[in-house]
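Now, the feature entries from TrEMBL:
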type: DOMAIN; residues: 9-107; note: domain 'Mur ligase N-terminal catalytic'
type: DOMAIN; residues: 114-295; note: domain 'Mur ligase central'
type: BINDING; residues: G116, T117, H118, G119, K120, T121, S122; note: ATP binding site
type: DOMAIN; residues: 324-460; note: domain 'Mur ligase C-terminal'
Amino acid sequence: MLDFADQNVHCVGIKGSGMAALTELMVAAGARVTGSDVPEQFFTDALLEAAGVVPCSGFDARNLPDDCDLVIYSAAYSAETNPELAEARNRGLRCLQYPAALGELSAGIPSLGVAGTHGKTSTTGMLAVVMQHLGLPGSAILGSVVPGLGGRATYRGGMQFLAAETCEYRRHFLEFHPRWAIITNIEADHLDYYRDYNDVAAAFAEYGNRLAAGGSLIYCADDPGAAAVARQVISCRPDLQAIPYGFSAGGAYRITADPVARPGEFALAGMTCGVQLRVPGRHNILNAAAVVAAVHAILDDLGLPAVADTEIAAGLHGFTGTRRRSETIGEAAGILVMDDYGHHPTEIRVTIQGIRELYPQRRLVVDFMPHTFSRTESLWNDFLGCFTAADEVWLHPVFASARETGSKDPVRMGQDLAAQMAAEGAADPKVRFFTTCAEAAAFAAAHLGDGDLLLTMGAGNNYEVGTELLRKLRDTDRGTT
């Protein structure tokens, strides 16, 4: 296992969400951490500042300390293009990509990995808040800030076990060594890397097969992909315990309440009390069921004292979301602004439906920025039909990845998507296209009113539409415009 105590660790790309969370964990373990990244501000700047780490602005071989013991770097960089990694290689320093560092950490202690095309961050965040409420002697690391964790991206209660968000992109999660694994769902995504859905599913099956002997595979029985992979893994690994959860699951983690009649409230067949969530949507009820199953599995396997169902329910109620997942940004002039990172059609559909259930009386306007040319093209037809619960949809140019920049016209692709969506939807919902975030914010300030809800969605920078709208409304209220 990686031992960070008294180590000098340099992080290249330290502002990445996973890297910043790992920095929190390393500093708490006694490491001296330095790092570097681009000069732009990110939400992780506050995390790093709280951990006492001030990153170097930009990349330079001179940023690498003379007494460096270990270099951990974001998957976005390589020794061929990054001067700090090139210098580390020249010095013969040990260098680990972030997924490999997380994998080494998981190899040394019993670890739970949270995997799935959607829901990884919310499920891990929910689990971390429950761990904190119960005072469990483990640690959790995830890719977003959690208000319920004091604005951190980690829970640090000890190192008897680790819970971590693990990402399937480029098969990074195959570096992880799980004793328990949650698979929330499996769909075609990251098709700039994977060939097709079958390739994605094969990666998840390989992930399940990495479970330690006698480990537990916790999977969503409602999701065809997760259920199929679970069957495949268990058929090859009869030593594993299969633990289904969901509305269609058998056993202790079958959801028995109706989330449409009572938003956020549910019960499990094996629990002695109900649960009331403070985050919207059927998908979060599923996430919570997975968390209950995971807590029970961890306590049982490690021989830790059992906890009352009421305490687990109280921990779940304490979860108010994570940064950029159905996050309430603010309200001004009666207009509520929310933001969500969702950028896959399924994420978009379930998030909009959940917010619609939570705020049925508000007019719901969704501002969406498509993310990557490859995802937009491969899931084009799914994007056309995932906004039906909204009253209006505002689209933007595609936010291309660094690998795609210059390959296609982001404005044209965004315009084409908006045009086809408008044609097929027959103005229900109404569709608009804005070339810039500033243009959308100005339109919002002029046309939205009391009782409206603006939800910005995507992995790009269109969250600025919501923050700029709030600034305009508050300036108007103060008479400063």
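Glycine is no exception: its Cβ is also placed from the backbone N, Cα and C atoms.
Heads up, TrEMBL stuff is auto-annotated, nobody curated it.
Feature annotations (TrEMBL) mapped to structure.
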residue : record           : contacts (Cβ under 8 Å, 6+ apart)
G116    : ATP binding site : T123, I182, I183, T184, N185, I186, C220, A226
T117    : ATP binding site : E168, T184, N185, I186, E187, D189, V200, G225, H344, T346
H118    : ATP binding site : T184, N185, E187, H283, G342, H344, T346, E347, V350
G119    : ATP binding site : T184, N185, H283, L286, N287
K120    : ATP binding site : V114, L142, G143, E165, T166, C167, T184
T121    : ATP binding site : L142, G143, S144, E165, T322, R325, Y341
S122    : ATP binding site : V279, H283, N284, N287, G321, T322, R325
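In the domain 'Mur ligase N-terminal catalytic' (9-107), the DSSP tally of helix, strand and coil residues is 41 helix, 20 strand, 38 coil. Across the domain 'Mur ligase C-terminal' (324-460), DSSP classifies residues as 52 helix, 35 strand, 50 coil. Same-chain neighbours of the ATP site beyond G116, T117, H118, G119, K120, T121, S122, judged by a C-beta within 8 angstroms of the site's C-beta center, are, in sequence order, V114, T123, T184, N185, N287, E347.
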